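What follows is one structure encoded as structure tokens, with my remarks underneath.
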Amino acid sequence: MAKRDYYEVLGVNKSASKDEIKKAYRKLSKKYHPDINKEEGADEKFKEISEAYEVLSDENKRANYDQFGHDGPQGGFGSQGFGGSDFGGFEDIFSSFFGGGSRQRDPNAPRKGDDLQYTMTITFEEAVFGTKKEISIKKDVTCHTCNGDGAKPGTSKKTCSYCNGAGRVSVEQNTILGRVRTEQVCPKCEGSGQEFEEPCPTCKGKGTENKTVKLEVTVPEGVDNEQQVRLAGEGSPGVNGGPHGDLYVVFRVKPSNTFERDGDDIYYNLDISFSQAALGDEIKIPTLKSNVVLTIPAGTQTGKQFRLKDKGVKNVHGYGHGDLFVNIKVVTPTKLNDRQKELLKEFAEINGEDINEQSSNFKDRAKRFFKGE
């Protein structure tokens, strides 16, 4: 009977990404795993799925399969010669011939669990001053029923029926050399050489279960947007007794209504009147912890910037504080009473300025236009 197309076996199209292929394999292997599915033909289906994934998950093998299919090249290398072929799969083939397989990772060796990531949104104040927050996160934890063993309590393990305890299986592969036989880790026992007499009813043999876990996170004083902290050992459980992975909490900081932040420095925009700019003044302004009085010298112009040293954010690594910069904007009045206008005209005359007064009122401008003023 002819072999089915590997893409068809996994139920994905030929342009599927590696993640899509992996997701399809996990779903199907779980469905047809001999320890879970006792229906006739499930074992063969599981082998077919494993073989398809073994090829499509490897870039070189997938490229060879896409080019030659199941049969591989016939009658040598054809008109392309050696220069026109992709020999990316040779390393895998030769390693199986000359002992390269011994360098493969031991499937029974302890392995660290996967690292996880969690995004936490915090306020500007929480980032500046630091705080403690509780989060809820769904993650894999060690199964409480089997304690991570994967077997039903009270049952034992037996020799894997798929690899007969070898931990590895022989698989035929299509390559540019034709069909070659190589070894791979047994997909059923994952190299242990044993299988469950009866899998754990809670985790179905995985050794882990998905639960919502509450954790307390310390937000460091001075943390900035996109920075992260590591919670050691709060990731996924390890494999074969390996350590847990870590949890990385990434911070998203909401903007402040008062300040703008750039690293450890903060900026405050201060509007002052024409009189304050011309005569100078003392103005109370906010800082991160309290209000302070800022002296505005006479003749201050728009764009003037004042620096308040060490009034910025504390550096998250403990390297001092940033600065507070105050940006000045002189605001021109939009409405003047008659007395204010008289004073400004007098001021202009003293300066020798010939002012052609303009009105912001449409009716006044219209009257002046028709009078020819």
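Sequential numbering from 1, following the chain as shown.
Here the Cβ of each residue, glycine as well, is placed from N, Cα and C on the backbone.
When other Cβ atoms within 10 Å of the Cβ of Cys189 (Zn(2+) 2 binding site) are tallied across all protein chains shown, the result is 25. The feature Zn(2+) 2 binding site is assigned by Swiss-Prot to Cys160, Cys163, Cys186, Cys189, with sequence analysis given as support.
What Swiss-Prot lists as domain 'J' is 5-69.
Long-range contacts of the repeat 'CXXCXGXG motif' (143-150) within the same chain, counting only residues at least 6 positions beyond its ends with a Cβ under 8 Å from a Cβ of the stretch, are 196, 199-203, 205-209, 237. The annotation repeat 'CXXCXGXG motif' is assigned in Swiss-Prot to 143-150 (among others).
Annotation comment: Swiss-Prot describes 160-167 (among others) as repeat 'CXXCXGXG motif'.
The repeat 'CXXCXGXG motif' annotation in Swiss-Prot covers 186-193 (among others). Regional average pLDDT for the repeat 'CXXCXGXG motif' (186-193) in the model is 83.
Secondary structure of the repeat 'CXXCXGXG motif' (200-207) per DSSP, as helix, strand and coil residue counts: 0 helix, 0 strand, 8 coil. Annotated repeat 'CXXCXGXG motif' per Swiss-Prot: 200-207 (among others), in sequence order.
As annotated by Swiss-Prot, zinc finger applies to 130-212.
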Cys160 (Zn(2+) 2 binding site) has its Cβ surrounded, within 10 angstroms, by a count of other Cβ atoms equal to 22
Listed in sequence order, the residues of the same chain lying six or more positions from Cys163 (Zn(2+) 2 binding site) whose CB sits under 8 Å from its CB are Val169, Cys186, Lys188, Cys189, Gly193
